[in-house]
Amino acid sequence: MSHVTDVPTTGPMNTVLTWLLRNHIWVFLALTVTVFSLASPYFLTVNNIGNILTQGAFIGILAIGMTMVMIDGEIDLSVGAILALASALAIGLQDHMGVWPAICLGLLSGAALGFVNGTLVALSGMHSFVVTLGGLIGIRGLVFVYTGENALMVQDFSYTEIPEIYIGPISLTAIIFFATALFFQWVLSSTRHGRETYAVGDNIEAAHDAGINVKRHKIINFTICGTLAAVCGILLSMRLGTAEPNAGKVWELWTIIAVVLGGIRLQGGFGSMWMTIGGVLTLAVLRNGLRLLNTPNYVELMVMGAVLVLALVLDKLLNHGGDGQ
Amino acid sequence: MLVPKCSADDASAQSLKCPNLIFRFAALAVYWEARAPQETQKDSFWIYLPYHVQSGLLSSVQGEHFNMRKSINSILRRHGLVLAFLIFLAMVAVNAEAFLTPGNILDVLRQVSITGMMALGVTFVVLTGRLDLSVGSLLTLLTVIVVDQHNIVGPFPAIVMTIGAGVLVGAFNGFLVGFIGLNALIVTLAMLSFLQGLVLFYSGGSNVNVNDAQNTWFAVFGRGDFLGVPVPVFLFILGAIIAGLVLQYTTFGRRVYAVGGNETASVFSGVNARWTVFAAYVLSGLTTGVAAIIMGSRVMGAQNTIGQGYELTVLAGVILGGTSLLGGSGSIWRTVIGISMLGFIQNGLLLLGFAYYVQWLVTWAVIIIAVWIDLGAKRGRIFA
C-alpha cells in the first residue's frame with residue numbers, strides 16, 4: 001500500500017484531505033453528478049437515479065469479484081464469457097428441469113469455471129492474464145456450442161418478473177449489488193480471508209512464509225469471481241428474457257475500467273469495495289448522463305478512454321509511486 | 001567414458017540404475033545431443049549459433065553426472081513447441097487429405113497474415129514486459145481510414161496516411177506508458193475504447209467501401225500473388241524476417257530484451273528504457289498499419305467492428321509461442337509459430353468437420369497446455 005507522503009497526518013483537516021486523496025473517485029463522482037444535474041433537467045430525478053443504479057449494478061456485480069481477484073494481484077478476463085454461459089444455461093435448462101434448478105445450475109457453472117481458472121493459476125504458476133484469456137476464448141466457444149449460435153428465448157415470462165421487486169426506486173438488481181458489495185467489504189476488512197487477500201496481493205512470498213495457504217486462497221477468490229459473474233448473467237437473462245451467445249462480450253473490459261477508475265491497482269494489495277462502488281457509479285453516471293445529453297455513442301467511448309487515462313495520471317500525481325511499472 | 005555414469009545419490013537419475021539396452025541407447029543419444037557443443041566448440045556450426053542458444057545448450061550439460069531427465073527437459077525446452085506443432089499437423093493430416101496440400105497451407109498463411117503482422121509489433125511490446133490491447137481497435141480505425149481515403153486522395157497517399165496514423169497512435173501509447181510511466185494494460189484499454197469511439201466518429205457509423213475495387217492497384221496487397229505466393233503471406237514473412245533480425249542483431253533488439261528482463265538493471269547499465277518502450281509501441285502501431293492495408297485491400301471495405309477482438313487473438317498467438325508476458329523472454333519465430341498454430345488449428349478442425357466454435361474450445365486447451373509445459377520446462381517442475 002502506498003502512502004500520501006506530502007500531507008502531514010495530524011489534524012482533522014489533513015485527515016479529510018488524506019481521505020479525499022485516497023478516494024478521489026468520490027470527488028469525481030460528485031463533480032459529474034453536479035455537472036449533469038445542471039446540464040440536463042432529467043438527470044437528478046428519482047426515476048433516473050433508480051435507472052442508473054440498475055444499469056450500473058450489472059457491471060457492478062462483476063466488479064465486486066474482479067476487485068477480490070485484483071487485490072490478490074491477479075486479473076480475470078473470462079467474466080464476460082462466464083456471464084454468457086450462466087445466462088444461457090439458466091434459460092436453456094428451465095424448460096427441462098424448472099426455473100430454480102436451472103438457476104442453481106447456472107450459478108454452479110460459474111463457480112466451477114472460476115474454480116478451474118483459480119486452480120490453473122495456482123497449480124501452474126501461469127500468469128492469470130494468460131489463463132483467463134484462454135478461458136475467455138474457450139468459454140465463449142462453449143456458449144456458442146451450447147446455444148447452437150442462436151439466442152435462447154424464455155418460454156415462461158414469469159421468469160422475467162422475478163427481479164421486478166422495487167424498494168422505492170431501487171430495483172432488486174441494485175439491491176443485490178449493494179448487499180454483495182457491503183458483504184465483501186465486510187469480508188475484506190473484518191475476516192481472516194480478507195486480511196489474507198491483502199497480504200497475498202502485497203507480497204506473495206511473505207504471505208507464503210507467514211503460513212498463508214496462497215494456492216487455496218487464490219482458488220477461493222477466483223471461484224467467488226466466477227460465481228458473481230454467473231449471478232450477473234442470471235440477473236441479465238431475467239431482465240432481457242433472452243440469452244444471446246454474445247452477451248457480455250466486452251464487459252470484462254468495462255469491469256476492469258470501473259475497478260481501476262475506483263483507484264484499485266493492478267499490482268494488488270490495495271483497495272476496498274468503497275472504491276469499486278465509486279468506480280461503478282461513476283461509470284454508470286457518465287454513460288447515463290451522456291445519453292441524456294443526447295450525445296452520439298462515440299462521445300461516450302472517447303470520454304471513457306480519456307477519463308481512464310486521467311484517473312491514472314491523477315492517481316500517479318496524488319499518491320506517489322502510483323500505478324507505474 | 002561413453003557410458004554415462006549414474007550416481008546413486010542423484011534422485012532424479014534413480015531410474016537409470018538398471019536400464020535395459022534401448023533405454024541405455026536413448027540415454028546415450030540424448031547425452032551426445034546435449035554434450036556435442038562443448039566438445040566440438042572449435043570446428044562446428046555451434047559457434048555460429050546465437051549466444052543465448054549456446055548458453056542454453058551449455059547449461060544442459062552442467063553438473064558432473066549425466067542427468068537424463070534434465071537433458072530431455074533441455075531438448076523439450078528448445079524444441080518442444082515445434083515438436084507439438086508437428087505432432088498436431090501430422091494428426092490432422094492423417095485424417096484430412098486436403099490439409100497438407102500447398103494450396104491449403106498458403107490459404108492458412110494468408111488467413112493468419114493479418115493477425116501475424118500485428119503480432120510482430122506486439123511481440124516487441126510484450127518483450128519489454130508491457131501489453132498492447134489497443135491494436136484491435138487500431139486495426140479497425142486504420143482500415144476505415146485507408147479504405148475511405150482511397151476514395152478521396154488515392155491509394156498511395158491513403159497508405160502513407162494509414163501508416164502515419166498507426167505510428168502516431170503507437171507513439172501516444174508509448175508516450176503514456178514509457179515516459180509518463182502509466183500502467184500499460186489500462187492505458188491501452190483506454191486507447192481501445194477511445195479508438196472505437198474515433199472509428200464511429202470518423203465513419204459516422206456506416207460501412208465504407210472502395211469505389212473502383214476492380215481497377216485499383218491497391219488490390220495487390222490483399223489479393224495479389226507474387227511468384228505463386230499470396231502477397232499478404234509474402235509481406236508477413238518479409239516482416240517477420242526484418243523484425244527477427246532487428247530483435248536479434250541490433251542494439252535496439254538487445255535493449256528490448258534488457259528492459260523486459262530487468263528494467264532497473266537495464267537503466268543502471270545505461271539503457272534508455274523510456275525510449276525503448278516508446279519505440280516498441282511505435283513498432284506495434286506500424287505493423288498494425290501494414291496489417292490494416294492488407295485488410296483493407298483484401299476486403300475492399302471496412303465495417304466499424306472489423307478488428308474487434310483481434311487484440312486478444314494476437315496476444316493469444318504471442319503467448320502460445322511461449323513469449324513470456326513478464327517480458328525479456330521470447331522471440332519473433334516463436335510468435336510466427338504461435339500465430340500459425342492458431343491458424344492451422346482453426347483450419348484443421350474445420351477440415352475434420354467440427355463445428356466452427358469448437359476451435360475456440362481447442363484454442364483454450366492448447367493455450368493452457370502449451371504455456372504450462374513451456375513454463376514447467378523452464379522451471380524444471382510441472383507444478384508451481
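Glycine residues also receive a Cβ, built from the backbone N, Cα and C atoms like all the rest.
What TrEMBL annotates here:
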TRANSMEM  A:25-43  transmembrane segment
TRANSMEM  A:49-70  transmembrane segment
TRANSMEM  A:99-122  transmembrane segment
TRANSMEM  A:129-146  transmembrane segment
TRANSMEM  A:166-188  transmembrane segment
TRANSMEM  A:219-241  transmembrane segment
TRANSMEM  A:253-286  transmembrane segment
TRANSMEM  A:298-318  transmembrane segment
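Among the stretches A:99-122, A:129-146, A:166-188, the one making the largest number of Cβ pairs under 8 Å with the transmembrane segment (A:253-286) is A:166-188.
Comparison of A:25-43, A:99-122, A:129-146, A:219-241, A:298-318 by number of C-beta pairs under 8 angstroms to the transmembrane segment (A:49-70) places A:219-241 first.
Counting Cβ pairs closer than 8 Å and at least 6 residues apart in sequence, the transmembrane segment (A:166-188) and the transmembrane segment (A:219-241) reach three or more and so form a contact. Take the transmembrane segment (A:129-146) and the stretches A:25-43, A:99-122, A:219-241: counting Cβ pairs under 8 Å, A:99-122 has the most.
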